[in-house]
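Q: Sharing a structure below in structure tokens format, with a few things to ask.
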Amino acid sequence: MSSQSLYKVSGNIAANALVNNDQYKKMYQESIVNPEGFWREHGKRIDWIKPYTKIKKTTFDDHNLSINWFYDGTLNASANCLDRHLAEHSDRVAIIWEGDNASEQRQITYGELHTQVCKFANALRSQGVRRGDIVTIYMPMVPEAAVAMLACARIGAVHSVVFGGFSPDSIASRVIDGKSKVVITADEGMRGGRAIPLKRNIDDALKHPDVTSVEKVIVLKRTGGKVDWVEGRDVWWHSLVETASEHCAIEEMGAEDPLFLLYTSGSTGNPKGVLHTTGGYMVYASMTHEYVFDYKPGEIYWCTADVGWITGHSYMVYGPLANGATVLIHEGIPNYPSPARLGEMIDRHKVNILYTAPTLIRALMAEGKQHFDKYDGSSLRIMGSVGEPINPEAWRWYHEVIGHEHCPIVDTWWQTETGGILITPLPGATDTKPGSATRPFFGVQPALVDNMGNILEGATEGNLVLLDSWPGQMRTVYGDHERFVLTYFKTFRGMYFTGDGARRDEDGYYWITGRVDDVINVSGHRLGTAEVESALVSHELVAEAAVVGYPHDIKGQGIYAYVTLTRGTEESEELRQELRQWVRKEIGALATPDLIQWATGLPKTRSGKIMRRFLRKIAANEVTNLGDASTLADPAVIETLIETRLNRNE
């Protein structure tokens, strides 16, 4: 491995970090050889009402699947995020909030957050919410979203947070599946200068004929925008909490009692309700937050994810608050009203740790580094990446422009299903390579297998599986355990199949190559789309690229690239040929794109994930039945791509 592509841990960071390389190796070895002993000790990091004596009862046998952690202990997640900090840190700031408009700012201490959660938990009880009931939360990025989650956890209700950009149909499908009794929303949300009609979307969703379970809709007044009102069903948040008591006893929950549902897209298109339980999840979310981000008390931590995604659950609410952290929550998007916003917020709030997504980094790259001319960034210590593999070019830009070449980058790989980070560098322990998620976290046993399920040793490439359970793992698909077993444990017997492919290099570092269905087979050779995308984006005129396979008469599959150019760059046939040669030079002739379509934008979900199933269909000229596009941030992008597609059979 060339020295340019290896970023060594600095002596200063290693000396002050929670874990150095020798400690990582020792702790990791213990976590694999003696998981019972390791987790018996580390489970104590959270507070238990009845301490556990039983640690782990797990098997990945698809005929006898069992995932149980700390399973005779009892606890409460809300108490772990709030009550346990009150004696010593009641006045510490828990949440710093900045609105879409930077003039709107709030600070909430742990004591104040505790009071708000208790009052709202009592309000929920007054509306008939009881232990085990499912409550749907469809909220903007305001502190009350976290209040609602923690209030549910306090009284043993199961929250199901739906991302505030989802359509009424998407909301309805989740409400129906979970049979929610109560929905919590706001009149409107603000995002990028636009008002999002949250209450109207809820009203439309609840008109669906199969929605029969909802009794109450609690509405937060965020903007004061006009809303329709259903008497007897709708109730204002403020009117409920005005009269509610500030004292709310916690519900004692079993470690394996459900904490939340979070719906994620399945390959079939039907959302699946990922169920996470309380004990193992809280241990794992808090432990990964502390060790992966080398978190020190008093630091300001900013995760840019929306609360509607797992990253928002684990690394904006439960993990950081369990650790007594100060969390920055931003209502809007970090490149509005200008790309300078991210840097301005880091400086304004003296952010020490930043956790964001490659899609934002690439968007800022495309705008140009001049937007960071006035950015100081001296407060920043650790930076993270999450959501998809980060291409080396974006990694280096992030490191140089945002981190001023002194902040370690933790490129984290995990999933909604895993509850927390599984493969990641640790800042004081791991030399990093741009584009690699590097090594497994404690207790995590990744392996690569071929398509027959045979384990591959050494430097190789294959399907990424996990050989044993970890505490943060999902327990089932809500209401469909068979689907859980089928999706994750039937493909490779005795293993959890992640659905991702990966490469392991000569140093044992893992490189995520993309979903296994994002692998192109060109003339019998497997190519990860992420690899071709990385090569394209490393060209200075390319802002973003998405690569898919399409039917090819000779090769079986050809390579079809959608390319977004940097602002001000002219599209031309010459540039198209230049990019083909560029990829050929970067990877090899085999990886040369057959077709390159210019794209002003790519179809993305509101969390920034590129929806490649649309791109695959357009590339294959199958444009008559593309399926539901309601989850896209901008469905109009699809029409443009169809009109300018290259593979027409006309």
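Backbone N, Cα and C atoms are what each Cβ position is placed from, and that goes for glycine too.
Not my notes, these are from Swiss-Prot:
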- Arg191, Gly192, Gly193, Arg194, Thr311, Asn335, Ser523, Arg584: CoA binding site (BINDING)
- Gly387, Glu388, Pro389, Asp411, Thr412, Trp413, Trp414, Gln415, Thr416, Asp500, Arg515, Arg526: ATP binding site (BINDING)
- Val537, His539, Val542: Mg(2+) binding site (BINDING)
- Lys609: N6-acetyllysine (MOD_RES)
Q: Long-range same-chain neighbours of Arg584 (CoA binding site), Cβ under 8 Å, sequence gap at least 6?
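A: Counting only residues 6 or more apart in sequence, the Cβ neighbours of Arg584 (CoA binding site) under 8 Å are Ala591, Thr592.
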Q: Specify the secondary structure state of His539 (Mg(2+) binding site) as given by DSSP, simplified to three classes.
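A: Coil, per DSSP.
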Q: Please identify, from the binding-site residues Thr311, Asn335, Thr412, the residue with the sparsest Cβ neighbourhood, meaning fewest other Cβ atoms within 10 angstroms.
A: Asn335
Q: If I take the alpha carbons of Val537 (Mg(2+) binding site) and Arg194 (CoA binding site), what is the distance between them in whole Å?
A: 30
Q: So of Gly192, Gly387, which of the binding-site residues has the fewest other Cβ atoms within 10 Å around its own Cβ?
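A: Each of the binding-site residues Gly192, Gly387 was scored; lowest Cβ tally within 10 Å is Gly192.
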Q: Sequence gap of 6 or more, Cβ distance under 8 Å: name the residues on the same chain that satisfy this around Gly193 (CoA binding site), in order along the sequence.
A: Asp100, Gly332, Tyr336, Pro337
Q: Using a 10 Å cut-off, grab the number of neighbouring Cβ atoms around the Cβ of Thr416 (ATP binding site), all chains included.
A: 18
Q: Reduced to three states, what secondary structure does DSSP give Gly192 (CoA binding site)?
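A: DSSP assigns Gly192 (CoA binding site) to coil.
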Q: Excluding Val537, His539, Val542 themselves, which residues in that chain have a Cβ inside 8 Å of the centre of the Cβ atoms defining the Mg(2+) site?
A: Glu393, Ala535, Leu536, Ser538, Glu540, Leu541, Ala543, Glu544, Ala545, Val563, Leu579, Trp582
Q: I need the CA-to-CA distance for Thr311 (CoA binding site) versus Trp414 (ATP binding site), whole Å please.
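A: Cα to Cα, Thr311 (CoA binding site) and Trp414 (ATP binding site) are separated by 9 Å.
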Q: For Val542 (Mg(2+) binding site), which of these recorded positions sit within 10 Å, Cα to Cα: Arg191, Asn335, Pro389, Thr412, Thr416, Lys609?
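A: None, since no candidate lies within 10 Å.
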Q: Measuring Cα to Cα, how far is Asn335 (CoA binding site) from Lys609 (N6-acetyllysine) in Å?
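A: The separation of the Cα atoms works out to 17 Å.
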Q: At a 10 Å cut-off from the C-beta of Val537 (Mg(2+) binding site), count the other C-beta atoms across all protein chains.
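A: The answer is 22 other Cβ atoms.
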Q: If you draw a 10 Å sphere on the Cβ of the residue listed as 'N6-acetyllysine', how many other Cβ atoms land inside?
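A: Step by step: centre on the Cβ of the residue listed as 'N6-acetyllysine', count other Cβ atoms within 10 Å, giving 17.
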Q: In whole Å, how far is Lys609 (N6-acetyllysine) from Gly387 (ATP binding site) when you measure between their Cα atoms?
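A: Pair distance, Cα basis, whole Å: 8 Å.
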Q: Of all the binding-site residues given, Arg191, Arg194, Arg515, His539, which has the fewest Cβ neighbours within 10 Å once its own Cβ is left out?
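A: Least crowded of the binding-site residues Arg191, Arg194, Arg515, His539, by Cβ count within 10 Å, is Arg194.
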